[in-house]
Amino acid sequence: KVPAMVLMRLTCPVIDVDKPNSGWCKSAVLVQLALCPPILVWCILLHGFPSISAATCHIAFACSLVFGLLAAAVVHVSSRHDEPPSYLPLLAFLGFFTSIAWIYALAAELVHLLQALGAVLDVSDTLMGLTVLSLANSVGDLVANLAMARAGMPSMAAAACIGAPLLNLLFGGGLATFLGNLLVASPYPFELNLQLYVSILFLTFSLIAMLVYAIMHKFEIRATLGFILILIYGAFMVTCLGFEAWGGRKLLTTNIGPQVRSGNFDFRASD
């Protein structure tokens, strides 16, 4: 934990209004300003433009490092050790974007780790995403929603249960589609295999079940609805594991949608 905390401290400016001088430390800010631009460039080039040439990467890193050193020099000249400068709130934006870059990089490495684990265990990428990755993404929401419900805010917890997946589905899917068309191919080929059709089916069924239950009980939610939703999720997991165990890899990864051609991609419908 200590190495990660030191790395975050050296690259992410933090403003704490509860501390004297909002936690201003000139030496730490100078180091952060020098390191933040290379970190941002690294995340953007490595994960956003994986096919970029090595020479371009070196030039971008050099420019970002020079920019960071110049920014650190400006702050060194225009600030004091015992008093925060007037532009201190601007550092919060830099810390915010750097934190997003670190989260993005760690999430990408987590996906790569899961893909490697799936290859070693002979498990499809789709099942890894539907089980391990989805559970990892949802644990934080689960804990937060349970805490809100126990604190006497069930409406907020219920809204978060629906709003968080909706944000991931719409914003995440929209952003992925936009970047796919921009960076990979246009139109972007999307393979709908059997696992995704099953996921869409269970998602639609669970939403309809919640709506019908709420209407039948005049929008008074009881513990029965929670039990029903848990049963639906259990059935979904059993179905996915059953397809993985007995359906065969070819059945799981076969594209059952229309044929899509784009660039070097060629996905064909199954016979």
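Count begins at 1; order follows the chain as displayed.
Using N, Cα and C of the backbone, Cβ positions are placed for all residues, glycine too.
Some features that TrEMBL has for this protein:
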{"type": "TRANSMEM", "residues": "28-47", "note": "transmembrane segment"}
{"type": "TRANSMEM", "residues": "53-75", "note": "transmembrane segment"}
{"type": "TRANSMEM", "residues": "87-107", "note": "transmembrane segment"}
{"type": "DOMAIN", "residues": "92-240", "note": "domain 'Sodium/calcium exchanger membrane region'"}
{"type": "TRANSMEM", "residues": "127-147", "note": "transmembrane segment"}
{"type": "TRANSMEM", "residues": "159-184", "note": "transmembrane segment"}
{"type": "TRANSMEM", "residues": "196-216", "note": "transmembrane segment"}
{"type": "TRANSMEM", "residues": "223-246", "note": "transmembrane segment"}
Margin query: Based on DSSP, tally up the residues of the domain 'Sodium/calcium exchanger membrane region' (92-240) by helix, strand and coil.
Written below: 128 helix, 0 strand, 21 coil
Margin query: Need a quick answer: max count of Cβ pairs under 8 Å to the transmembrane segment (127-147), which of 28-47, 53-75, 87-107, 196-216, 223-246 is it?
Written below: 223-246
Next item on the list: Quickly jot the same-chain residues contacting the transmembrane segment (87-107) by Cβ under 8 Å, restricted to those at least six beyond its ends, or write none.
Entry: 8, 11-15, 22, 24, 29, 32-33, 36, 39-40, 42-44, 46-47
Checklist line | Touch test for the transmembrane segment (53-75) and the transmembrane segment (196-216), at least 3 Cβ pairs under 8 Å | finding: no
